[in-house]
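Peer 1: Below, the features straight out of TrEMBL:
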type	residues	note
ACT_SITE	Cys324	active site, nucleophile
ACT_SITE	Cys324	active site
BINDING	Gln204, Tyr234, Glu254, Asp298	S-adenosyl-L-methionine binding site
Amino acid sequence: MTTATTTHAIAAPCPHFGRCGGCALQDRPLAANLEQKCGRVEGALRQAGFENLPQPGTFQVQPHSRRRMDLAVERVQGGVLLGLHARRGNPIDVADDCLLPRPEIAALFNPLEEVLATLGALTKQGGVAINLLDSGPDITLELATEPSAPDRAKLADFAVQHDIARISWRPAPHKAVETLVLRRPVFHSFGPLKVSPPAAAFMQATVEAEKALADAVLVGLPKLNRKDRIFELYAGCGTLTGPLSEVGQVVAMEGHGPAEAALRSATKGLRITTQQRDLVRQPLQKNDLDKARVVVLDPPRAGAGPQMQPLAASSVQDVVYVSCSPESMAKDLAVLRRAGFAVLQWTVVDQFLWSPEVETVVVLTRDPKRLKKAAKQSEPIAPT
Ligand SMILES: C[S@@+](CC[C@H](N)C(=O)[O-])C[C@H]1O[C@@H](n2cnc3c(N)ncnc32)[C@H](O)[C@@H]1O
């Protein structure tokens, strides 16, 4: 990989740099951060045993592009503080300065702070997750106690004033969610798939990176017939499922019940079947995977772990692996390396600007024809 970008320190563009936990890498140019992320991913691929790597594709989002923000909130003397999690201690109120959110989300920071200050259900600390969907902002509050009737009335007014589609609450992450306000149907489209995501659904953090990831996956697929089965593991609400359904028959697996249910209820008329399945406790076995023409997997941070061995043992020749953790990816892909897979393409996507987070799409094959074609394309052209 060529490395040319300057890594010299620069003045951080945000006045809260150093205290705020949102951005750890603001003292270097964005291009240097992208280059460093590419280096980390390349190191992970080498650690997995891959050599002779092609040049990576890269994509970096612009500031003010986040459509998903997880904020911290804390009751303080005279009001509440809403902002990003500090590196230590209270949330940092970054309302007017934050370079991350889309303007539609940033515009909600101050009004949210005002309404949260009036809620009896916010006793000490809490959280606010905002997803900007096609149907508008979808807000999920984390509150220690159940909102009272007056709290609910204030949130209903707030939703009208700021045109919020839905407000929900839950006592803590991964706990059951209750809808407090629903002003119109909640929806979001992934290509031809129009889903109604559950509250606080996993969404890619920016629209632009979502497209870059989907494009890199589609470009990496082998030539498919319309009847070929694409097994998609860790499908979420369908970010990749929709685009994949335009090129093959998708069998989508997802462990989170509400996400799988949202996906399932949107599949009518599309070439998608879904299954709720915990792929750690109940990984797909070789016999299941043998039915796939290609496997696309996008595991959580911990990686796909026990799913990798059956995949390596199956007859599947082509895999597209989407990663949000180079460390887990190195472990998972080492299993495929030992089973004869090589890397055809890899794309690094930087959608969490100024943070160490990095997304990668790795296209792998052990199909001799695809390998031969790739080797030919990378051969240096002989001088005439
Ligand atoms: C990185 S997200 C990717 C989701 C989707 N592909 C997207 O881009 O929006 C990982 C997904 O894996 C799911 N997941 C986590 N653990 C799982 C498990 N043990 N079995 C099946 N799915 C799991 C999560 O619910 C989440 O939807």
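Heads up, the Cβ atoms here are built off N, Cα and C, so glycines get one too.
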Peer 1: Check the recorded positions Gln204, Glu254, Asp298, Cys324 for other C-beta atoms within 10 angstroms of each C-beta and report the one with the most.
Peer 2: Glu254
Peer 1: Given the binding-site residues Gln204, Tyr234, Glu254, Asp298, find the one whose Cα is closest in space to the Cα of the residue listed as 'active site, nucleophile'.
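Peer 2: The answer is Asp298.
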Peer 1: With the S-adenosyl-L-methionine site defined by Gln204, Tyr234, Glu254, Asp298, which remaining residues of that chain have Cβ atoms positioned within 8 Å of the Cβ centroid?
Peer 2: Phe202, Ala235, Gly236, Thr239, Leu240, Pro299, Val322
Peer 1: Of the residues named as S-adenosyl-L-methionine binders, Gln204, Tyr234, Glu254, Asp298, how far apart in Å are the Cα atoms of the most distant pair?
Peer 2: 16
Peer 1: Taking the Cβ of Tyr234 (S-adenosyl-L-methionine binding site) as the centre, how many other Cβ atoms fall within a 10 Å radius?
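Peer 2: Tyr234 (S-adenosyl-L-methionine binding site) is surrounded by 21 other Cβ atoms within 10 Å.
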Peer 1: Going by DSSP, is Gln204 (S-adenosyl-L-methionine binding site) sitting in a helix, a strand, or coil?
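Peer 2: SS state of Gln204 (S-adenosyl-L-methionine binding site) = coil.
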Peer 1: Any idea what DSSP makes of Glu254 (S-adenosyl-L-methionine binding site), helix, strand or coil?
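Peer 2: Going by the DSSP assignment, Glu254 (S-adenosyl-L-methionine binding site) falls within a strand, counted as strand.
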